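> Quick one: this structure, given as structure tokens, is what I'll be asking you about.
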Amino acid sequence: MTFLLFQLLVLLRYSIGFHCKIDNNGVKSVTSKKNDDEKIVISRNWKAAISLDFIFIVFPMLLFFTVLSEWVYHGTGLLSLLVLILSVTAKRSFSGLQRGQSLSFRASVSSYRVALMLITCLCILAVDFTIFPRRYAKTETYGTSLMDLGVGSFVLANAVVSRQARDVSSGNWITGIKATAPLLLLGFIRLVTTSGVDYQVHVTEYGVHWNFFFTLAAISILTSFVNIPAKYCGLLGFAVLAGYQTWLLSGLNTYLLSDERGTDIISKNKEGVYSILGYWGMYLLGVHLGYRLFYGKHTNIRSTTSSIARVFLVSLLLWIVTILFDNYVERISRRTCNMPYVTWVLAQDLQALGIFMLSSYIPLNKLSSLEEAIDQNLLATFLLANLVTGMVNLTVDTIFASPFSSLLILTAYAFALSAIIGTIHFSGFRLKFW
């Protein structure tokens, strides 16, 4: 529902016009919607475009995550109707979707990844305030929520568009290890900074020392050592998950979900260490699905309709498998990253990706200025969000903040994040760490 809501807000935003992008020559250009979508090149107007993106995309998302959370279904229905009306009106100016006019698969994936990043950035701070519904927060043992999708969705989003999924050589394992160094560095920086300022860490999430960056680094290292063709990744991924799930049912899940911790490093970080197997299996399945659905030689990437149909069909099958696993094998658990959790993330994310691909049929659909900025600086956006979140938590007693103060702080945070990333991008910089 949240991905659909995001896409509807993007479509509504684009119907208003006035967009800024950087062309191949590094020149800023703004498209203002006038008559036949006349393109006007104007310098320094990206600030207005980013501001409109914030007003029509980011701020409404923030409201639906907090004070309007009970109205999310009503809001989605209303936005769907409004976008439908605007789409019908827009089609009068088009003789039909011409080849190359609709969003490509790559653009659809970019929009999906940006939505995931934006939702994550909003939630990691909002969850600390009382106006954020607890049903959206991460579960402690079993169950599902919006925030439970986070790390799994990041792993899958990287897998689907990885070099391995595209059947492109990624070099030897030494190259892979070097590429992992920045993730390890970020993981240690987060560990040192959180320990240095005595920042509150939920130990049951990853463990005492482990964090999200270490999980990504571990997956990258394993993939570098076991580098097999994409068409075989599905089989290996299933084998890894089946073995891990069997281990969980043999008693490992009881240990991982208990408060028992020894003095050794693995025991102190048992959730993060053991769940690597689940996330690696998920990554391998994501590589295989990306190859089979989008990049394989047998796949006609130009056939948007068939690609969308395949995505929704696989998503439906995964939903069925998830229900069966959840009822007859083990309940979904993000904390252990068991097989039901993996199939749940796959089903959710493929469904969301299908929605973004389906929106390519709507004439209004384009990447917004803010989407473009975040897409080119995904990791920088996440790091900035974590930094600001930490600063807010160290200076504000979020639990006792009033609803008005909470919304004001979250709005300022969201706007600052949008403005800074927009400034970085439209000033010609691109923050890459490897």
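Glycine too: its Cβ is placed from the backbone N, Cα and C atoms.
Pulled the feature table from Swiss-Prot, pasting it below:
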type: SIGNAL; residues: 1-17; note: signal peptide
type: TRANSMEM; residues: 48-68; note: transmembrane segment
type: TRANSMEM; residues: 70-90; note: transmembrane segment
type: TRANSMEM; residues: 112-132; note: transmembrane segment
type: TRANSMEM; residues: 141-161; note: transmembrane segment
type: TRANSMEM; residues: 173-193; note: transmembrane segment
type: TRANSMEM; residues: 206-226; note: transmembrane segment
type: TRANSMEM; residues: 232-252; note: transmembrane segment
type: TRANSMEM; residues: 271-291; note: transmembrane segment
type: TRANSMEM; residues: 305-325; note: transmembrane segment
type: TRANSMEM; residues: 344-364; note: transmembrane segment
type: TRANSMEM; residues: 380-400; note: transmembrane segment
type: TRANSMEM; residues: 404-424; note: transmembrane segment
> Ranking 48-68, 70-90, 141-161, 173-193, 380-400 by Cβ pairs under 8 Å to the transmembrane segment (344-364), which is first?
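The stretch I would name here is 141-161.
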> Suppose I define contact as three or more CB-CB distances under 8 A, residues 6 or more apart in sequence; do the transmembrane segment (206-226) and the transmembrane segment (48-68) meet it?
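Taking Cβ pairs at least 6 residues apart, the transmembrane segment (48-68) and the transmembrane segment (206-226) are not in contact, as fewer than 3 fall under 8 Å.
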> Would the transmembrane segment (141-161) and the transmembrane segment (305-325) count as touching if the test is at least 3 Cβ pairs under 8 Å, pairs 6 or more apart?
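Judged by the Cβ rule, the two regions do not touch, with the required three close pairs absent.
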> Tell me if the transmembrane segment (232-252) touches the transmembrane segment (112-132). I count contact as 3 or more CB pairs below 8 A, with pairs 6 or more residues apart.
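Contact between the transmembrane segment (232-252) and the transmembrane segment (112-132): absent, because fewer than 3 Cβ pairs are under 8 Å.
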> Taking pairs 6 or more apart in sequence, does the count of Cβ pairs under 8 Å between the transmembrane segment (48-68) and the transmembrane segment (271-291) hit 3 or more?
no
